[in-house]
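These notes concern the structure reproduced below.
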């Protein structure tokens, strides 16, 4: 009994152990769990081999490009929304248009159409004040009325094909079809010449209706905008190549024909460049004016005013210029022995577009200083053409003060490889400007500052690529501020020296100084392109006020180069450009000092949009002091007689400047 009991207890004691052993055996027989998948950087390292590493690097570059494109898209969208917001605000404030709070361009177009006398229904159906389309059961009605308020002058700006496309047409519409069924539109009797252009497109009628609507709106809008506005004289710049390098007038009959065209457009005068490299080309103080005498005699026949440019720079040698005029040959000969008379970049390359300002008071030009050479040239012109001043034919003298005749260093030379929107390079490495820099650093007590910045990039660098111009870069350090102030002050000294001598020659004549519009990288903190051009105008400085204080001293007319669209192939966002803000900074700074301001178009301003931007700048409607340009200089792309300029557009532009625009004179 006791033995069995002990056996039972023994089996009971073994049962848990047996159960545990079976669990243990089953656990050992199960397959091991899969290893944990590596994550994060470990996963990337495990997956990448030699080939995949290259692919990942390529993928990372593509991702960065996509991110950059997203940022550019955001900038463009933000810019577009800002423009739309300003348009809507202007229409509400000045036009009393009842636009909703969240208006879109459909609301704007409908409001402008109603203002122009059209009927716009809620579904977008648009027609004139006549029988609505729904009441004309299958009857023919003219989309363009026979007596349109647009005269034949509206088609002056069109090509022949475009003019044929815009002729009045008669359409028959089957009312049983939906408006979307445009295939039912049948173009009836048309001139045979028109038919071959229009019969192939059933959408032509809709385009014509839209074109006429926009033309009517522009016609009435512009008529009210510019009639009665201040009169702004318009001067047209004559082509560079009309005088050859031997100072001979090349084509007198062609000049007469061009002046006849200009006279028919009611221009107020012309602008003539008198090139130092032509007049004093071969020997110092040997001036040849014969070709200019012939030119001025022809201009006198047409009773046009003349503005004369004292051009002390070279011209040509790039794709954007059609003539090649060098500095005087005797100056270039001096430059072979002493190349430091020319502006020099950090790598020692000499820029022969103009003379360095370091020799303004150095007797290195056959015993004369730089400003003495300029003075003698201007005095010779005044002596030779004193009769033109006595007759009042010469209305102003423009004094060239730097590269391209503009007040700036030659920092953006295409011959040196610069392309928009590069920041350019400082031009202060000739020995004369380096001497000036060493003197300034010594006076400041920091002789080790007598050097140009060594981290300012190259001609085509971007600001963020250089340690000097990047955000919080060296441009705003103690050394950077010293160097930039000296660099800008050298420009100001040059202006003051040359204008002081010019005022001795032309005592009672208006002076003009051309100010460049260096608008790219304006939205950055450093304003790098302006700094290399000589204007100390970062976001925390006003670089134009010191310049205008000197110009005010000499009662100068400030001529601002008015920009059009960005350079072809470039976006404003890519260069963080802001031409509008730069223009208004310069204009307000000049007007606040009582300076007279004029304008000149850049080569990209030959379309309607470019003209309208210039007119709005020349006559700012929101200015309570009614400031406006004193004149406008029109730079033509080539000779007008070659047909490169659209005469109706230019005629329209001139009439707007004169405040004479009429509604029936607005071209399409």
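Note that Cβ sites are derived from N, Cα and C of the backbone, with glycine treated the same way.
Taken from TrEMBL, the feature compositional bias 'Polar residues' applies to 1-29.
TrEMBL lists 1-81 with the feature region 'Disordered'.
Taken from TrEMBL, the feature compositional bias 'Low complexity' covers 40-60.
Residues or ranges marked as domain 'BES1/BZR1 plant transcription factor N-terminal' in TrEMBL: 60-206.
Across the compositional bias 'Basic and acidic residues' (62-74), the DSSP tally of helix, strand and coil residues reads 13 helix, 0 strand, 0 coil. What TrEMBL records for 62-74 is compositional bias 'Basic and acidic residues'.
What TrEMBL lists as active site, proton donor is 406. Counting Cβ atoms from all protein chains shown, residue 406 (active site, proton donor) has 21 others lying within 10 Å of its own Cβ.
Sequence-distant neighbours of residue 600 (active site, proton acceptor) (same chain, six or more apart, CB under 8 Å from its CB) are 514, 559, 560, 561, 562, 632, 633, 634, 635, listed in sequence order. Taken from TrEMBL, the feature active site, proton acceptor applies to 600.
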